[in-house]
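According to TrEMBL, the protein has these features:
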COMPBIAS  B:1-20  compositional bias 'Low complexity'
DOMAIN    B:95-308  domain 'ABC transmembrane type-1'
REGION    B:1-26  region 'Disordered'
TRANSMEM  B:32-56  transmembrane segment
TRANSMEM  B:98-120  transmembrane segment
TRANSMEM  B:132-153  transmembrane segment
TRANSMEM  B:179-204  transmembrane segment
TRANSMEM  B:233-253  transmembrane segment
TRANSMEM  B:288-309  transmembrane segment
């Protein structure tokens, strides 16, 4: 049934066009010799906080769905003779996490895996990944500072963050020119351009509202100043229905009611067809979307450009998605696993390998790594070879650093998916948020956690 | 099917009696044990033990505390998970959804399958073997692929079917229950009507020819023979097929999972009991609820089957 899920529900967030390739699971070998030190590393911009210096070769396993992950692992194995990482490709989205949770239950989970920020609290609160706070050195903290709050929960750090994903406006530069539209910088302007477009061509829509992805609303709420999860005094505060959330809800509701948006599931053939035919002019997606545009719409080379997300009057942004590398509780060699995780997040070798062929447009949280990404990335697909990384870098600087995710996000997402799917055919954005609010509170409480509406 | 009519039953009893008294009872018992043991071994491994394990884990729940980062413990909760599920309107709605789907799908499919089988069996039918094969083919398409194929046929702007419906003035909106239920039932009708035609046709073939001939000789029309003679005689086969279909409907999973893509506003992640259980087990990591949900689903299937058997027996006895 899991493969069925892969076939059908390829979520936008974890979109991976490849099917699962069966890889061998690297069996972690029991090796005693290991040590932790704050020793430097020649290929790293940040200080490596954990290194494995034993002479016997340690076997590690790593699961991910990101493009070029195999090449990144090969590069690591080549440069680290005493650690051997075996890579297994899994699918992104719910099916991939399902596989991970099952592997933990079966006792054969990977030592390191790719985990999005919104899923990390679930792994952490189930005790499946290690508290790595002790390894977070001041150097690492300053390098990954912007993203560390996303992997630090309840005062403990649970994973090495890789990227920060500011939400941006990806748009068809050619069609904006054709319809004589300005690239909007504020949401007011976004709405007026949407109306202008509707007047010029009733068949075209300025943007898409993906009705199969309720968490799409999260970064928009974050930008407006909302904060869905926070914790204080050992209690989760949940707030999906605050003033900022209501502002976002009524804005998008207005656009949807006026039929100014394309509303449909982003995983459906109709959605892709509409973009292929140029019926939708833009999408509101994070930095990583750039690489997916290239693989999804290869014929539109030279047409796509990116701009900062329109805002409410002053520069602000939210982040959507983004990945981290937690270390399994079952790993036989934490130091080696952490060395690998850190290398992936901070080493210039890892970044340049990952960027090969423009396969990833994710913005590394580490600034040195981000600079490396910018110079290694193949920009030729974008309109006038736009430097999409510089846009992402500037946007990332405006992302609030207080956003956090809590446990039970998967259950919350499931509950929100039905009202979200009704947008465009009678449903409301406000109903999506209020469903999420009540459902996650109920889920947190029924799991025995302290939670209250905040 | 030889036992369907008393006419057919009588000769077979005679043959058995003709063999004489059974000899060496003990040997027969041992042979039976040897022959049946593979079945019971498999039955225990893939049915009894898993059910027992599901029953066991359904009695516990995982408890965390505070912010949830201090680990978790498993506590005995008795029937707590069952009470939670029965009190959950989403879980109960799942049963309503399969009921609506079944009320559309089962009568349409059974009606078409019976009509199709009777047509094939009529003396006027030609090339019945060929048509049996053609009707049977869709059932050999795996459920996922059938659902995916129809998913494309239901996608506006991509599918010719949707374009034709649009030309006819209809405005098909799969993201609405009024369209979705029939559309989903249609997939199953397409897939399983032929399969049941073949089953019913086999049952019709088992009816002694002299019975139908006698009706024709007595002046009954082809239609009258089909409705008054043949149909009642394949009643037990139809009941059984209907029962199996009903149990299948209760387990509805693949079609809604696939169709979710075009009907995200109707089909939620917990839309049928099986989706609910799947979601609990694999997305929420709540295996205890999933186990309790599966047991409840099995109980519902058993109760429903029992009820249908009782009712049909009463009807048949009354007839």
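Cβ coordinates are placed from backbone N, Cα and C, and glycine is handled just like the others.
Values in this document were obtained by computation on a predicted structure and should not be read as measured data.
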Suppose I define contact as three or more CB-CB distances under 8 A, residues 6 or more apart in sequence; do the transmembrane segment (B:32-56) and the transmembrane segment (B:288-309) meet it?
yes
Below 8 Å between Cβ atoms, which of the listed ranges B:98-120, B:132-153, B:233-253 makes the most pairs with the transmembrane segment (B:179-204)?
B:98-120
Which residues of the same chain, at least 6 past either end of the transmembrane segment (B:233-253), have a Cβ under 8 Å from a Cβ in it?
1, 4-5, 97-98, 101-102, 105-106, 109-110, 113-114, 117, 192, 196, 199-200, 203-204, 207, 211, 272-275, 278, 297, 300-301, 304-305, 308-309, 312, 316
Under 8 Å Cβ-Cβ from the transmembrane segment (B:132-153), and at least six residues away from its ends along the same chain, one finds 116, 120, 159-162, 183, 186-187, 190-195, 197-198, 201, 254-255, 257-259, 261-262
